[in-house]
Amino acid sequence: MKTPNTDDEIDMESRSMILVNKYVLSSYDFNAGISLMLYQNFVSVIIVSILSLLGVVTTEPLTWRLIKVWLPVNIIFVGMLVTSMFSLRYINVAMVTVLKNVTNVITAVGEMYLFSKHHDNRVWASLFLMIISAISGGITDLSFHAIGYTWQFINCFLTASYSLTLRRVMDTAKQVTKSGELNEFSMVLLNNTLSLPLGVLLIFVFNEVDYLSQTPLLRLPTFWLVMTFSGVLGLAISFTSMWFLHQTSATTYSLVGSLNKIPLSVAGILLFKVPTSLENSASIFFGLLAGVLFARAKMR
């Protein structure tokens with residue numbers, strides 16, 4: 001069965017986690033996004049390792065050869081997760097969803113220069129609409145925050161870089177595995193395992209240690225329950241996304257991924273009581289529509 005592009009899968013999973021992470025960071029006023037990412041990835045490693053030991057899923061052994069090949073991709077992966085956490089501290093869910101469309105623009109340009117892939121006029125037209133909606137959305141955003149927008153644009157660049165780099169590294173990685181393959185479960189285990197030491201380092205670099213030693217949240221069992229649930233949910237989203245990817249066509253997967261932005265954005269506005277205006281709402285809707293047009297243009 002034909003599968004969608006890697007960036008479709010990455011985008012669908014990351015959008016689904018936006019709402020979860022926004023809830024943890026905002027509802028509890030938790031100011032340690034890297035620590036949240038680290039704990040979620042640790043939960044994923046534990047669960048996948050247990051499933052692998054029980055024979056439920058198949059994973060490749062983590063050899064030094066595989067780690068050396070995969071490490072550059074993993075550094076980008078961690079940067080992608082960290083910048084997403086940082087941007088969510090300042091930007092509402094709907095605007096993050098619209099701004100993430102910029103990732104598609106960067107990816108399309110990267111494909112053109114790195115892989116000599118040419119897109120037709122419909123694709124470029126929808127990408128242009130995405131840029132316009134991002135600009136108009138930022139101008140009309142009542143809760144505009146320059147730092148948040150900066151982190152989000154860095155996140156878009158890293159997400160596109162991850163997708164483009166992954167395509168180059170995947171074939172090399174398969175050559176150094178015992179089976180000659182690298183399935184999604186192995187990728188989840190590989191990415192999350194390698195992210196742990198880098199995550200610990202970043203906690204010290206961004207001085208989250210002081211915050212963690214002082215915050216009373218870590219003494220609340222309910223907070224640990226919510227953090228653990230967010231890690232389990234993130235892994236569940238990843239697994240269900242893989243299942244859906246293999247059960248449906250590339251066109252359906254891509255289109256559903258674009259359509260699910262709409263309820264996600266509406267839920268983000270309603271759940272977090274985001275102040276908005278008619279102009280900003282129109283910009284958000286315009287951006288979501290551009291995403292659907294982009295998905296349809298790629299089907300042709």
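From the backbone N, Cα and C atoms, a Cβ is placed for every residue, glycine too.
The annotation domain 'Sugar phosphate transporter' is assigned in TrEMBL to 18-285.
Taken from TrEMBL, the feature transmembrane segment covers 38-57 (among others).
Feature annotation from TrEMBL assigns transmembrane segment to 69-88 (among others).
Nonlocal intrachain contacts for the transmembrane segment (123-140), taken as residues 6+ away from its ends with a CB within less than 8 angstroms of a stretch CB, comprise 95, 98-99, 101-102, 104-105, 108, 149, 277, 279-280, 283-284, 286-287, 289-291, 293-294, 297-298. Annotated transmembrane segment per TrEMBL: 123-140 (among others), in sequence order.
Look at TrEMBL and you will find 146-164 (among others) tagged as transmembrane segment.
TrEMBL lists 185-206 (among others) with the feature transmembrane segment. Non-local neighbours of the transmembrane segment (185-206) in the same chain are 32, 34-35, 37-38, 41-42, 44-45, 48-49, 51-52, 57-60, 62, 66-67, 70-71, 73-75, 77-78, 81-82, 177, 212, 235, 238; each lies 6+ residues outside the stretch with a CB under 8 Å from one of its CB atoms.
If you look up TrEMBL, you'll see 222-245 (among others) marked as transmembrane segment.
Marked as transmembrane segment by TrEMBL: 252-272 (among others).
What TrEMBL lists as transmembrane segment is 278-295 (among others).
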